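Listed in Swiss-Prot for this protein:
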type	residues	note
LIPID	C22	N-palmitoyl cysteine
LIPID	C22	S-diacylglycerol cysteine
REGION	31-53	region 'Disordered'
DOMAIN	45-139	domain 'Fibronectin type-III'
DOMAIN	282-536	domain 'Peptidase M66'
BINDING	H432, H436, H442	Zn(2+) binding site
ACT_SITE	E433	active site
Amino acid sequence: MVVRYSLLMKVSFAILIFLVGCNENATSSNDQYLTDPDISEQTKKPSRPIIDEKNKGVTDTSVTIEWDKIECEKNFSHYNVIVYRKDRIEDVITIRTRNNSVFIDDLKPNSQYSIDVSSCLHSACSESAKIEFITLNEIDYYHTTEIEKNVYGSLEGEVRFVQTHVISPEGRKNEPEIITGRDALILFKPSIKNSSSILMKIYSEDGLTSKVVMKSPSMLPKTDQPIDIDENNKVVSYSNSYWSAEIPWNKMKSGMSLHFEDENGNLGIIESERIKFSAPSELIIQNIDLGMLYKPRGRNIVIKELERTAVDYFQKVPVSKLIFSDYTPIHFEKITLPNGTVYTEKSADIGGWHQGDMREAVGKALVSTGINNANLGIVASSGYSQQYNRLTNHITAHTNIGYYNNGVVVHGGSGGGGIVTLENTLHNEWSHELGHNYGLGHYVAGGTSHGPDTSWGWDGYYKRFIANFDWKRSPQSNIRPDNQEVVKPFMDKYTYLWDAMSGGYDHQNGIISRYTLHHPYVARIIQDWLKNGAVVINNDYMVWDELKNIYVYKGTNFKVPIKKGVPVVTILGVYDPDKINPSQLYPPTYSNYGNIFDLEKPRSESSLKGWQYVKDVNYLDRVNTHWHTMLVNRKEEKICRFSYLSPKGKKFEFLGYEDIENKICTGGRSIHYLEDGKKNPIESKYNDYFLLSIDGDGEISYVPDSTIGESKICSLKMSGTVYGAGFIKGNSCRQIDGVFMNGFQWAFTLNQSGVNSTYTWSNECVLKIKDKDNNIESISIPNYRIEKNQSNKIHLNISREKPIIDINVYCGEHELTSIKVSDNPDIKLLKGPIIVGQEHGYTSYEPKLPSGWFKHYDNFEPKNEINHELGKMRVNDNDEYICRFNFSDSDREMKFVGYVSQLSESKYICTGGSEIYYKKNEINIELSSKENDFEWLSVRDKNLVGSKIEFDNNKTLCVLDNRSFYGAGYLDENNRCTQDRQIHWSNGKQWLFSTYKTMTYH
């Protein structure tokens, strides 16, 4: 119970004891004390509480404090808590509780308070533990006293779910729905503010699953507001009214209901029918850096910081699981376009951010579309095709630079159809171009600006709210293009953000996020697009059924991978089955996350070729060989050939169809040979004929008789009872004179529908891959141009289990192109896959190093998996690790900050390099540590995120960021970046700069 009173007034009050603490033992001793107190216990004093500063929460109007709990000391009674304002000591709040924490509301903003806490037995109390605090001078963004009631009972109120956005549970059209299988923060605001503690119970369809003690409003998570805000701006909090608790991903599913219970037994419930769940969507984004006739730039920040960017972008998209993967970069030193053009030095085209023939044919069609197709088991497509064969939510983003007729050009700024072409993989370019892939156009709904009626975002890793306005931009109104609606700045201080598709913002707005917070209406459109994507479960493609809230089987013609999300080699190239355009295979690219399929093997490995005498064809030959057929009475029948001898001795070669049941080649009931007015059936002797395989080389022909000579074959593909095959003579497809069908000579003009006049051997095309053990894997690829005016492109994944050494493309007996494959050192630099969400949580981004400065230790190496945690500075054109060591002069010792230089394997020094030195008595002294005797700098600490990193002794670390100079130091009293006064640059001047950047934890 909380009592407020003036020392000048006498106030009587009832004492409320919270029965949370020592349970039955404590209760028993209390009962005993009421009738027969233990005299020895009456004189004993309990131990003094120890207040936990880390668990203190302060807002403008409330505070929560916590202290060490007394573990059921005999005759323990309660804690006394006394709160008073320093400038008005007559305003006192007294609380008597058995909880080891307390929430106090209705305090005065920007005021100094003191709290005394003592623990009491029935007879005596301990000395008080004291803590002082100042309530914040902050702005409560969600300050409205009105609530949207959706929790009913004696503890009614409002509940909101927080995932990518703060949303209502009912599922509104203008905001995302709750994501199944994703962690959530629950916010609860009681209608009446009289609760000191609230317990949240989580129920599923099977009953109670867990209980969570909610954090008081003063413990509500912080925002992404920069720490070094202007002194004229106050701290902004999301709200000072909501209780909060987290629910893990595996409890977030349909059928969940929530019960809220306070210390007085009041109960509020939101039933499962009022909580609308959407699909547990998954999203895969592949990332690759390209250079076309020019070396790749190596500036793809997503690839460099895969863990950080994956976790960051996860906060912006309504998915349950996000997978970021990286490919090894590709340097295209020679390029063959699908039209046959070959470049070895530069493109003949004019390149631009949005234009260039290589940009379209290589970056978008070959690489992004190719990688997407390879992960669906599609081995080839037409060379210029950018068709998005969307089944799963799989997108490939690339950065790309090319050498064109007008010089070296960086491409970027486009997205859609599973493709993203970027110059900058951070900020709004990424968010905007990915948005096009989700079906979003420019200026959704006429231009979407955040405003006072749109929700904030949430970062589940840093556990901070993301504001929907710009923290640093000067205040101004946003005006919607379509209806001129004006959105004024929040409190006339902060400009509201535009959605990514309406301009967004090209800077890091707060202290944690480098991607754009989508407007909730736009986020809902994204969610609706994503939930239609299939996932692979138990060797089947499955899609989410919103009515049943489960995954159900999806029928599709796409292959299901035999291995999902495994290391792969992706083979890309261009080939022309017609052997007109040149073909080219490119150096393979590698990823740690791709799909492997049981790809079609070439028929030629087990298939017979050409005309085959039926007695020589066994069962396996029949099964493994692809045979030419013709249409007979709407049924495909195998074409066959035999030597026919008429009753009067006329001999010719006849093309018919195989009657497999009777093992003859026949013309059937409708075709006969007319001789002397008599109709003679045309059929072979038993098992004495030839079948025609699809495989072979060149055009297919036969000799009807010696007078006609060798002729190309033709056949009919007509509905009804008209059928047959023959030879081409002049402008007709015909048989030997005398062969009739339905009373007419068997002859048809070539140009009419249903006459197939082009028969060629298949000339099968095969991709052959040889591994280091000389094993060869052969994969069938199309033996025809998919589009008649261009070459095909190859895109397929194979396993990385064994290194490959050769790749060849054959069509028939002709080798079209080949490439020898050498070891790729970039494979060791791959970081992916980074999987965020569901059971993976944020484990891929948890720090592996201590925070701040730490001593070098044995076997420490700045390996690929931790180098993103280490602070870096620019030295000439390289990013070098920041380090610090103690430098001793004869009369003093100081800290020097330099960069790490590797001497040999596992041996490092911290140095100032050749340009920075210590000057004493006109002598330049080199600045270098002893071997492995220095400190590294870790810049990862989510609890200190946004805080400036110290140089030493409360001095702020600063780093130069230009090409002319390098180094790091601290900010002096004049806000200049410097080190000790005797540290100089090579030009003889003191190392002292007014242009620099400060470093913060992330």
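First residue shown is number 1, and so on along the chain.
From the backbone N, Cα and C atoms, a Cβ is placed for every residue, glycine too.
If you measure from the Cα atom of H442 (Zn(2+) binding site) to that of the residue listed as 'active site', you get 10 Å.
Using the Cβ center of H432, H436, H442 for Zn(2+), the list of other same-chain residues with Cβ within 8 Å runs, in sequence order, G415, E433, G435, L440, G441, A500, M501. Less than 8 angstroms from the CB of the residue listed as 'active site' sit A397, G413, S414, G415, G416, V420, T421, L422, each of them six or more residues away in the same chain. By the criterion of other Cβ atoms within 10 Å of the residue's own Cβ, the least surrounded of the binding-site residues H432, H436, H442 is H442. For the domain 'Fibronectin type-III' (45-139), residue counts in helix, strand and coil come to 3 helix, 51 strand, 41 coil, using DSSP.
Under DSSP, H436 (Zn(2+) binding site) is assigned to a helix (H, G or I) in the three-state scheme.
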